[in-house]
Amino acid sequence: MSSSEKKRLEWYYAPAFLLFWLVLLVAIVLPVFFNLPIGLRIEDEHTKPGEFVAERAERILFDFEMIGPKVVGSFANENLTVQLLYDEIELIRRSMHHDLYELEVDVQVVSGAYMHWTMINMYQGLQNFVVKLSSKNSTSQNYLLINSHFDSKPGSPGSGDDGAMVVVMLEVLRVLATSREPFSHPIVFLFNGAEENPLQASHGFITQHKWAQNCRALINLDSAGSGHKEILFQSGPNHPWLMKYYSKYAKRPYATSIAEELFQANIIPSDTDFRIFRDYGHVPGLDFAHSYNGYVYHTKFDKFDVIPRGTLQSTGDNILSLARAFANAPEMEEPDKYAEGHSIFYDFMGLFFIYYTETQGQIINCCVSVIVVVLIGISFWRMAATSYLSIGSTMKTFVLIEVLHILGIVLALGLPLLMAVMFDAGDRSMTWFSQKWLVFGLYVCPSLIGLCLPTLLYLSFNKNDKLRKSFKIQMILHAHALFLALICIVLTFVGLRSSYVFMISLLFYGIALILNFLTTLHNRGKLWSIIVILSQVLPFLYMAYIFFALCSTLMPMMGRFGTNLNPDLLVGGLCALGTILAMGFVSPMVNMFRHSKTVLLALLATTFIFSMMAISPIGFPYTAKTNVGRVNFLNVQRVFYEYDGSVSKNESGYYFDFQDRRIHYPIQEHIDMSNMESVAEDCDEMMMCGLPLFNHRWFKSRMKGIWLPSDDPVEIPETPTLTLVNKTVNPVTNLVRYNFKLRGPPHMSIYLLPIGGVTVVDWSFLKTMLQEKETYKPPYHIYFSYGKDSAPLDFYFDLKIGDSNVNKPLFELGISGHYVNFDFPRSKHTQTFIKSFPDYIFVMEWPSSYERYLF
């Protein structure tokens, strides 16, 4: 045994070794992640013609914000915002000093319906502001579609969601319309007026607009945050040629298949118009969103001043470049010819972009995994030969180390999850919500402890010197590589495109093995570790970058993830997975130092210190204005009419749909919650819980809903008017038709529950629910909204009554009216109630009425 083998590094070098990786995170990953370009000013325009000017977009965004919340059906959305778009397009038209382009404007007013999860999503008189820009010398009938939405959530001015993308589109349109570079294919700019409703206006465009059938590719622009770079999180589907153009023309790539699969697995509590264009128009495309600072998303703090000018510049540069590229792409002629499967894609810290097809990814993942396994086999042979041991004896040691390492991985995942369960059990979930750095001590350090513990104890107490300790440390790395190779192959054939992250780790470890073989360092003491450490710098930077990006996106979303699941489990699991991938080949190196167990003690002490901070006021989840908690409630007046017209119940109260795991604990000191009661029993006994459940999300979370009775009657601005126009009985067919007329606010719902063996066989709504009886069960929910057209809704039901007596109740009919926008005043009592909430809570509320009838 060489002297270099016997000599171990002093213990005090171990902290420096671990700090090295922390320095890489702080000094490289974070600055690169937050780096944004300097936004161009209007005065710079003459020196940089044909480029996106962020200051001009920023000025439009300020005007956009001044309009205030833009809820469908409100004067702000249907009049003021549309007028702003008219004015901006007119300014662009005046700046077109040459005769190269034709600019056409069409304001579509559209009505329709489609199935949205468990409800019929029905709309009337919604507006789409549509602009087509085309070169006059072009005869192409193949259009590029660029979309964003200008409506917003109640109470939010929507500067981030989706005002920033609206003004990016306007500036891109201006640059294209005033440039002297004609393009082959027309570009349709769709500013849709009802995305939050949800997704109604995009459905109206793609199914009914005169230009929709010519749209061959899509760039969709949305937001789940406010500021930073736009992430490409959905592509295609089945059109990898789109990635070729993104790779070539995106100036600052920011994309990953991981985000795509997380979104499509419904882990992200959001949806975008991309789904509508994909499912109803079969238009392939790219889906982008600003995802950072989701704390202000859908709140009144989603304002102009939290969006850096560099954000607009970065997004504008990318979208302008992509628009020019797609508008000249030959694939636009027949895009279906290039539908060749899904893509695997990712950027490396914004410096460059990598993409390949799913089939190519399967080949790459398998080849890299197999090659690394072969290299591990060669390493075993060399270890055995150098140590004068048999292969069988060497393999026995490795099998034991592999078992211990797998146990370490289980602990690396399990300890953070255990921390998550313990904090949740103590009503201390989401302590990291405002202080994201707490996850380092709460989840990263426990994961490192678990990862190192079994093999470190083995090396500390194993006295068998037949095999060098340096070889045993290499075996730990081999064990990790073999585990990753098996996981990579399994996930690849399961169809998980995110498995590329395992391939990246394996690739660089394989390179290190080859270099150690070629230099003969493999057999020379601990010198092999130098190459391994150097080889891990790039994968560490990437893993730290991508998991920091994922945490920055997902952690704010936990504030609206609902109360059913513990969000610490998701965040803790994500931190653990990131730790395993970033440090799996690094953490075993602590065994090269004397008293290596002290490293674990230091990590344990760090976890304890961070835990104490988490349960102190530092770990209080919410911060006023920047990291607010969310409370959604409806100020409800509900009336139950019996068959004879009498009223069996007439009461007022607040219906709460809490948005996160912990929200009712921080507010109980400010709000009298003693009379709050669960609505679960009402949901078991009453149609739709006897409440005006707003949409499918409210319906999904209804069992966690809370009712707070109010002694003061709700001052409803008005109530929906339901009129029974006529009732027609056909005794031959046992069919009864009810014709109704409904008038009310821009947001209403109709709930229908047949009773006593009665079935609904036809109605005037979308027929899907009736045709797919196994999928859709009563009670039926028809959500109805309108924009410019406030004409009453005429509808009918055809009921098959069988042996039922036509003079007895045949069905329950519920009508809810939602007075969402601020054209409808709130009562003084409600305003006082809202003010009683602490400043770290954002309240999204509106008055609602619910009337239950028996017919």
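Placed from the backbone N, Cα and C atoms, the Cβ positions cover glycine too.
Here TrEMBL flags 12-34, 368-391, 403-425, 437-461, 473-494, 500-518, 530-557, 569-587, 599-620 as transmembrane segment. According to TrEMBL, the feature domain 'Peptidase M28' maps to 128-322. Residues or ranges marked as domain 'Endoplasmic reticulum metallopeptidase 1/1-A TM' in TrEMBL: 395-609. Summarising the annotation, TrEMBL assigns domain 'Endoplasmic reticulum metallopeptidase 1-like C-terminal' to 627-853.
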Residues of the parent chain within Cβ reach of the transmembrane segment (12-34), under 8 Å, 6 or more residues beyond its termini: 228, 349-351, 537, 540-541, 544-545, 548-549, 552, 582-583, 586, 589-590, 593, 596, 598-599, 602
Contact between the transmembrane segment (368-391) and the transmembrane segment (473-494) (3 or more Cβ pairs under 8 Å, separation 6+): yes
Intrachain residues whose Cβ lies under 8 Å of the transmembrane segment (403-425), provided they are six or more past its termini: 431, 442-444, 446-455, 458, 476, 479-480, 483, 566, 568-569, 571-573, 575-577, 579-580, 607, 611, 614, 661
Tertiary contacts of the transmembrane segment (473-494) (same chain, 6+ residues out, Cβ under 8 Å): 361-362, 365-366, 368-370, 372-373, 376, 379-380, 383, 397-398, 401-402, 404-406, 409, 455, 459, 502-503, 505-506, 509-510, 522, 526, 528-529, 532, 584-585, 588-589, 591-592
Residues from the same chain, set at least six apart from the ends of the transmembrane segment (599-620), whose C-beta lies under 8 A from its own: 14-15, 18, 419, 423, 426, 428, 431-432, 434-435, 438, 440-442, 445-446, 448-449, 452-453, 456, 590, 593, 666
PLDDT averaged over the residues of the domain 'Endoplasmic reticulum metallopeptidase 1/1-A TM' (395-609): 94
